[in-house]
Amino acid sequence: MSNKAKIEVFPELESATGQMIIIDEQTKKCAILDSVLNYTQNNGRTSTKDADKLIAYIKENQLEPEWILETHIHADHLSGAHYLKGIYPNAKTAIGEGAKIVQKTFKTIYNLEHTFPTDGSQFDKLFTDDERFTIGSLQVRVISTPGHTPACVSYYIENDSVFVGDTMFMPDVGTARCDFPNGSAETLWTSMKKILELPETVKVYVCHDYPPQERGITFFTTIAEQRLSNKHIKDSVTKDEFIKMRTERDATLKAPQLLLPSIQVNIRAGELPPKEDNGISYIKIPLNYLKQ
């Protein structure tokens, strides 16, 4: 079996998200990772323009999606997973089993309908730590990497590439915030160290990039480069230094612009909230709840 993947990245620029297609060229099977449903907050409209780019590429290259993967319950964009599942009904939607914790937390915050399940059943598959699965002939290992959220997982194609979601970012950007409910800087440190123990030649694919002005947007680096120069987590940084930096920095951050709409859609695996008796679906906004 081959274990070299072809990766195509489709940036969604509003949320700086790197939608990805992970391809096994031997079998033409693929997985879609961290897709986006476009959302315009000032008029409450959704569109599928960026997810449609994935569909067009898959069709043009005659690929067969086996998985629609999430690295976590995103708080900065709406997931395109439900839309894509409608296009590819045989592809399995999947996320880490920690999604159940996020569902339970936000069911209470949003005061959702009593019938909303918090067992992760909106997804076809909940991965456990160290679980294995395949994309065509590619062997993939799930690495539980909580800290940013309890649901975070990374997907590791052995000796080739790892998809880390919102754990670490590009070396000049650093790491993800840990101030969401059930987040933890100490837990994130432990999770990132698991990733950084992988071989130095492994390519690291990040979910977001917020580049400084002197470079363009990009979504991959290597384990070696992260260990050498990631400004938050390079080898010379101690655990105590990281926790202090991350905690102090998080205290200054405002909530992501699309936090409130994103989570209540993404805990449903990208499906919009159920329509009410007038045929309209609504996003709920908890007033005076967030810290800032």
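Placed from the backbone N, Cα and C atoms, the Cβ positions cover glycine too.
Features as listed in Swiss-Prot:
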- His72, His74, His148, Asp166: Zn(2+) 1 binding site (BINDING)
- Asp76, His77, Asp166, His208: Zn(2+) 2 binding site (BINDING)
- Thr175, Ala176, Arg177, Cys178, Asp179, Phe180, Pro181, His208, Asp209, Tyr210, Lys284, Ile285, Pro286, Leu287: substrate binding site (BINDING)
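Annotated features taken from Swiss-Prot, shown on the structure.
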| residue | record | Cβ within 10 Å |
| --- | --- | --- |
| His74 | Zn(2+) 1 binding site | 27 |
| Asp76 | Zn(2+) 2 binding site | 20 |
| His77 | Zn(2+) 2 binding site | 28 |
| His148 | Zn(2+) 1 binding site | 29 |
| Asp166 | Zn(2+) 1 binding site | 25 |
| Thr175 | substrate binding site | 24 |
| Asp179 | substrate binding site | 17 |
| His208 | Zn(2+) 2 binding site | 22 |
| Asp209 | substrate binding site | 20 |
| Pro286 | substrate binding site | 12 |
What subset of the binding-site residues His72, His74, Asp166, Arg177, Pro181, Pro286 lies within 10 angstroms of His208 (Zn(2+) 2 binding site), using C-alpha positions?
Asp166
Running the binding-site residues His72, His148, Asp166 through a 10 angstrom C-alpha radius around Pro181 (substrate binding site) leaves His148
For each of the binding-site residues (His72, Arg177, Lys284), count the other CB atoms lying within 10 A of its CB, then report the residue with the highest count.
His72
Cα distance (Å, whole number) from His148 (Zn(2+) 1 binding site) to Arg177 (substrate binding site)
6
Binding-site residues His72, Asp76, His148, Asp166 vs Asp179 (substrate binding site), shortest C-alpha separation belongs to His148
Near Pro181 (substrate binding site), how many other Cβ atoms are within 10 Å of its Cβ?
14
Starting from Asp166 (Zn(2+) 1 binding site), work out which of the binding-site residues listed here (His77, Thr175, Lys284, Pro286) have their Cα within 10 Å, and give them in sequence order.
Thr175
Taking Lys284 (substrate binding site) as the reference, which of His72, His74, Asp76, His77, His148 (the binding-site residues) have a CA within 10 A of its CA?
none
Students should find that the Cα atoms of His72 (Zn(2+) 1 binding site) and Thr175 (substrate binding site) sit apart, in Å rounded to an integer, by 15
Of all the binding-site residues given, namely His74, Asp76, His77, His148, which is spatially nearest to Thr175 (substrate binding site) at the Cα level?
His148
